[in-house]
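Take a look at the structure set out below.
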């Protein structure tokens, strides 16, 4: 289904969940009436889904094979619908290759040892980075001293590398590397046929030729990628390597299609932040290897993660064909700590899942591209929370009442998307705990919420703003919505029975002292850390200030609020609470709450 914008909606409206989630910490304390919505949201048995077109998948490299459960991964590429997956699949666990880029062989030797210590499986020696290069001596040195298998790449300028010298000399160096004991060499498709013919009958038994193609503009259609694979195979390549560029995260689905059905070992990577998933999930979708850098400052291609992140953040060695994929959908999204907490939590309970960053421009096209049971659940952040509600087949009454979804679960039985909102309990409980810990006399009696009768000023009318506003209203607070666009503030205020303000009027709004201020916008988030939605002078009228931003932990708003004498509540408090609610939705297991708090205490 085509979609022209982030807010594009699916044809069928969501219905209320027949069995709403009953969390002892959330729904029991936040009962919003759903009756008002029953006339507008109705059950519909149909839902847009991509049809499947099966084809066999075979992996020829039998080293370290392991069984893969039958799976169907639906992906979309241009106008073509396809299915990744088949029965009786076997696959090769993916390797981690560390690019070594230095201007001298001595530095390269040091970096190969570092790669070994960090946990890489092999190193890519980028010869085109060397300044003073003595081929015979330098190749002998690196092959002898590297503690890991070596892949030699001498990338020319015309394929995105540094080398600008004679082409025949370049190929001679690669042949010499083979003769001296290299494990792999990388040769560009443009010259591969001629090169491979020149070494015919001379290849050592263990030696492999990787034939590579790099596209720095986009990711072609599946038909074009299939044709590219065929051309690479025709050269006599032992291993196929294709690297493309992600214009949209849905482009990665086409690369998963290629690696999943490969007849020979294939490296398929999509460059850029939108392509990060291709590098993390290659073990799941049949990729021969992925690249992990020694540190984040030195990458050989855009979007490469570090070896440390692959192993420690994403638990790369635990990812296999049957691993379920979860992720944080947003734009921006790289700042999110969700992968850190969820992946550690998954590992702590031995849950076979991986949680990744998902930079999504268009939510509808993303959900269509990744509509199989392999992609089991998502967290939604700015700007997709409201659109997410319309993309779900069924929605929890709380999320329906709020008008925003921050958690999506794919139901195992039928693949339908179920929408929830954990922002509400996360933010409200954080603010309540802040008020209770202050000993504020207005917080009694203890049997009621400390928000009762408080004036709560909510900055922002998006998904998080809606969740907090509804939660505060249910707790008996007087809610005021302040937003840059007054019309949006008014719309939310009318929906909950509150008041509306333009954000420009916030500094002059102080009908009483002891109010609660809650920022639910991205103002003050990295990298714009000096932004704040309100003047410091106006903060003296607030007893408590909450900021949903948690990167950085202490924003300018919180710093100035503390200096003004207010209680401050960090977005980390909300983040942890909503995150372990999400964990329970994703896994059906009790959340390791102490672990979540322990992890976030470091940030």
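In case you wondered, yes, glycine gets a Cβ from its N, Cα and C as well.
Among the features that Swiss-Prot reports, region 'Disordered' is placed at 1-22.
The annotation transit peptide is assigned in Swiss-Prot to 1-66.
Feature annotation from Swiss-Prot assigns compositional bias 'Polar residues' to 1-10.
Per Swiss-Prot, region '3-dehydroquinate dehydratase' is recorded for 96-313.
Summarising the environment of residue 241 (active site, schiff-base intermediate with substrate), the number of other Cβ atoms within 10 Å of its Cβ, over all protein chains shown, is 23. Here Swiss-Prot flags 241 as active site, schiff-base intermediate with substrate.
Swiss-Prot lists 328-558 with the feature region 'Shikimate dehydrogenase'.
The shikimate binding site annotation in Swiss-Prot covers 336, 338, 381, 385, 406, 423, 550, 578, 582 and rests on experimental evidence. The number of other CB atoms found within 10 A of the CB of residue 550 (shikimate binding site), across every protein chain shown, is 21.
Marked as NADP(+) binding site by Swiss-Prot: 461, 463, 464, 483, 485, 488, 525, 548, 571. In the three-state DSSP scheme, residue 485 (NADP(+) binding site) falls into the coil class. Sequence-distant contacts of residue 485 (NADP(+) binding site), defined as residues of its own chain at least six apart whose C-beta falls under 8 angstroms from its C-beta, comprise 461.
Of the binding-site residues 461, 464, 525, 464 has the largest number of other Cβ atoms within 10 Å of its own Cβ. Considering only the recorded positions 241, 381, 406, residue 571 (NADP(+) binding site) has 381 as its nearest partner by CA-CA distance.
Taking the Cβ of residue 381 (shikimate binding site) as centre and 10 Å as the limit, one finds 23 other Cβ atoms among all the protein chains shown. On a Cα basis, residue 464 (NADP(+) binding site) lies 9 Å away from residue 406 (shikimate binding site). Under the DSSP three-state reduction, residue 461 (NADP(+) binding site) is assigned to coil, being neither helix nor strand.
Rounded to a whole number, the distance between the Cα atoms of residue 525 (NADP(+) binding site) and residue 336 (shikimate binding site) is 11 Å.
Ranked by how many other Cβ atoms sit within 10 Å of their Cβ, the binding-site residues 336, 406, 582 place 336 at the bottom. Note on proximity: of the recorded positions 241, 464, 525, the one nearest residue 381 (shikimate binding site) is 464, by Cα distance.
Reported as a whole number, the C-alpha separation between residue 550 (shikimate binding site) and residue 525 (NADP(+) binding site) equals 7 Å.
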